[in-house]
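Visitor: Below is a structure I'd like to ask you about.
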Amino acid sequence: MQNQFFVSMFSDGFFYFRAMETVVSGIRSTGNLHLGNYFGAVKNFVQMQNEYNCFFFIADYHSLTTHPNPANLHGSVRQVMVEYLAAGIDPEKSTIYIQSDVPEVTELYLLLNMNAYLGELQRATSFKDKVRANPDNVNAGLLTYPTLMAADILIHRATKVPVGKDQEQHLEMTRTFGNRFNKMYGQDYFPESFAFNFGSKLIKVPGLDGKGKMGKSEGEGNAIFLADKPDVIRKKVMRALTDSGPAEPNAKKPDYIQNLFDLMKLVSTKETVKHFDDAWKDCTIRYGDLKKQLGEDMVTFLTPVREKIEDIAANESYLRQVARHGAAKARESAQKTIQDVREIIGIKRF
Ligand code: TRP
């Protein structure tokens, strides 16, 4: 898998080959996907599949730091898998797998922990935040979260990691661990990996509460989930904050109104957006109409996704097949790395 090539064509018609770069991203299994996740991350993944050797995995080991209930763990892993598949991650193009299906990751995690230092792990912002938030659950898994994440990335010797700003420090630590290994053993084995965004512009998806970005922790009704039914979507949109309308022509929109327009730009046609923008400018806008239209356009956009979610969720044998196929592909890549690493370290079999 690591030596896949990518065929490109120059404008003059000549073909050339270049090594396909490897992308890795881990998805935490925390609840359902919403429109913010979709436009902010998943849509990016879907586009990357065509140009990179992509590994997308569900980070179930990472979720154990907060001791989830055994009765719910599999269900949330399954739900994430269903929704990513429904959103367009294609198991024929990408390798999609569950972290705990690839034991080579845990071996690399152990080996990397041997040269990860207590001081640097304690200084990680994410660790300090968690300690502050849950002072009675400061476990070693939390401390070594960055080495597990480094193992996830280095196991495929990836160079590109599509993650948000909050993960920058973990990537920097991944580079530190990889470089330290290279230096310690005098090898140029692990490449450096960097945060990566496929599209040029980062899309901001506002929530419905008028305050900030869409998120599930911001309270009920702020996020539209991919699995929401039409009447739920309509109700959430109708409850979005508005006011009595613009006081004068061509006024600047307050944030909560701008947010509704920003959402509209994601799911409605250009003509629709222009229609309401013009109505805003000449003060004839009726927010009830705008929200009704926005609700309908969201329903139109999300209905095929929701139907796919329902189909895939009901298809146990398909899910099993995807998970097994993904695990086999991921292990093929991971085993190669672990064999090399064992040899470099000097671990030999009798
Ligand atoms: N730490 C990431 C997050 O919180 C999830 C993650 C785990 C990850 N392992 C990864 C992301 C490897 C990218 C690559 O979102």
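Yeah, the Cβs are placed from backbone N, Cα and C, and that goes for glycine too.
Keep in mind that this is a model prediction, so the values were computed, not measured.
What TrEMBL records for this protein is below:
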BINDING   Arg28, Ser29, Thr30, Gly36, Asn37, Gly164, Lys165, Asp166, Val205, Lys213, Met214, Gly215, Lys216, Ser217  ATP binding site
MOTIF     29-37  motif ''HIGH' region'
BINDING   Asp152  L-tryptophan binding site
MOTIF     213-217  motif ''KMSKS' region'
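Looking at the shown structure, can you explain where the listed features end up?
Guide: A 10 Å cutoff on Cβ-Cβ distances gives Lys216 (ATP binding site) a total of 17 other Cβ atoms nearby, all chains included.
Each residue of the motif ''HIGH' region' (29-37) gets a DSSP state, and the totals for helix, strand and coil are 3 helix, 1 strand, 5 coil.
Cβ environment of Asp152 (L-tryptophan binding site): Val24, Gly26, Phe57, Ala59, Gln99, Val105 lie under 8 Å away, each six or more residues apart in the same chain.
Here the motif ''KMSKS' region' (213-217) has Cβ contacts under 8 Å with residues 31-32, 34-36, 204-207, 223-224 of the same chain, all six or more residues outside its ends.
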Visitor: I'd like the number of other C-beta atoms within 10 A of the C-beta of Arg28 (ATP binding site), please.
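Guide: Looking across every protein chain shown, the total is 12.
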Visitor: Arg28, Asn37, Asp152, Met214, Lys216: which of these binding-site residues put a Cβ within less than 6 Å of any ligand 1 atom?
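Guide: If the test is a Cβ under 6 Å from any atom of ligand 1, the answer is Arg28, Asp152.
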Visitor: If you pair up every Cα among Arg28, Ser29, Thr30, Gly36, Asn37, Gly164, Lys165, Asp166, Val205, Lys213, Met214, Gly215, Lys216, Ser217, the residues annotated as binding ATP, what's the maximum separation in angstrom, rounded to an integer?
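Guide: Among the residues the record ties to ATP, max Cα distance equals 21 Å.
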Visitor: What's the most sparsely packed of the binding-site residues Thr30, Asn37, counting other C-beta atoms within 10 A?
Guide: Thr30
Visitor: Quick check on the motif ''KMSKS' region' (213-217): DSSP residue counts for helix, strand, coil, in that order please.
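Guide: Taking each residue of the motif ''KMSKS' region' (213-217) in turn, the totals are 0 helix, 1 strand, 4 coil.
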